[in-house]
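Below is one structure, written out as structure tokens; comments come after it.
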Amino acid sequence: MSIQPGQVVTDPSDFAGTTIPELADLDSLLRCHICKDMLQTPVLTQCGHTFCSLCIREYLNKESRCPLCLAELRQNMLQKEFLVGELAACYMELRARLLETVRIPPKKVAEVVQNNSPIELDSDGEVEIIESCTGAVPGSKRGSPQVEEVEAAAKRQRTKQNGIQYMLQKKPKAVGEKVPCPICNRLYNKEFLERVHLDECLMMGTLRESGESDITVIEQQSYTAEPDSKNSHVAERRGESPVDEVVTHKESYLGSGLRVTKSRLPKLHFTSLSTSQLKQKLSELGLPTAGSRQQMINRYNHYELLWNSNFLDSIQPVGEGELRRSLLSWEATRNTDTPISSGVSSSITNMLKTNNSASTLLKSFKTDKFDKSAWSRLHGKEFRRLIRAAKKSMLEQDRGEAITAQNNELSTKASVDMESTSFRNDTNDTIDTVTDEVHEDLK
């Protein structure tokens, strides 16, 4: 991505002199390793690396390989990564405020210089930190009180360093200083690079072609696993982390293409395997062969999931011993005597053949091995009977309500008719009485 006029150029090193230098690692991970800018419209390769869509497509027009691991790559292999794109955009909106929040004020830097003992300060390192911090303060001028205070503290420190007592004191070694290998251009611990890696890299040829050996990785870890305790103590007093820990995730990502991956553990066709053959497969993987045949099938199926998820998808896979411990924990709660794997009789299906007591079914119902399909088959007749009874009850209720309404209507009509008949009878009686009276008067 080209830099536009007036665009502010950012870099992960902006966080180096802050209270949280590990943020430089996060900043690096959200950048495209082609344009070195923040990811824009990121896409994922089949080898697990992420680049800007435009950057990687332009690169693939010239070279059909991944820029990081040199694996074969074509444009039709790219996959969209919407989540990573939104994370990068969100981070860019917060980056300026985040950097301002974690930046160390010059006054605190001066206090660190005054309070630290000569044993805890390196001769050149502290002066460089002070100068970089004074230059990093926006809007600072040479004659400002803050800058003068920092310069005065640095001057006092240089005066201490000129004394004989300071010259006799043992200076600590630099922590986590990493330099690039002139052959493979990868960063290594300086001591490890000089003593081990250069000879090995010359013998193996270029690192990209041959891959890094297990011995190199183990020996490098031995050099970096125990940093100088005195420097670690100084870093803790300043509120910082040891330098070795700052770029761990970035290095893991960049070196992901060079890690040795194990082959996929295949699924087995258990119906064609005898029990002895199944035990042999488990023994080859270092897994126990105890239990029923179904338990052994469940054991292999779950270990196959653990294996492929760990060695094929993880950027930092654990060892096989850790996988076996996870399998043991799973077996303690899941792989009991009743089978649970798909394609075979489940726990409830097995109970249909052996024990259908209510207590046994209820016990199985309360566990996470509950099989809904088998439960439906077991109680299907009862469910259908209840449904029919409910429908019949509803029909009878509706019919009863209709009959009641009809009866009410008929009774209402009958009462009206009776009232009408009674009224007519009364009217006729009245007319007859009046007629009789009129006749008597006429006589």
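Cβ coordinates come from backbone N, Cα and C, glycine included.
Taken from Swiss-Prot, the feature Zn(2+) binding site covers C181, C184, H197, C201. Of all Cβ atoms in the protein chains displayed, 14 besides its own lie within 10 Å of the Cβ of C181 (Zn(2+) binding site).
Look at Swiss-Prot and you will find 410-424 tagged as compositional bias 'Polar residues'.
The annotation domain 'SAP' is assigned in Swiss-Prot to 270-304 on the grounds of sequence analysis.
What Swiss-Prot records for 410-443 is region 'Disordered'.
According to Swiss-Prot, the zinc finger annotation covers 32-70 (among others).
Per-residue confidence over the zinc finger (178-206) averages 72 (mean pLDDT, predicted model). Residues or ranges marked as zinc finger in Swiss-Prot (evidence: sequence analysis): 178-206 (among others).
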## Note on the structure
the region 'Disordered' (410-443) resolves under DSSP into 33 helix, 0 strand, 1 coil
### Query
If you draw a 10 Å sphere on the Cβ of H197 (Zn(2+) binding site), how many other Cβ atoms land inside?
22
### Query
C184 (Zn(2+) binding site) has how many other Cβ neighbours within 10 Å of its own Cβ?
18
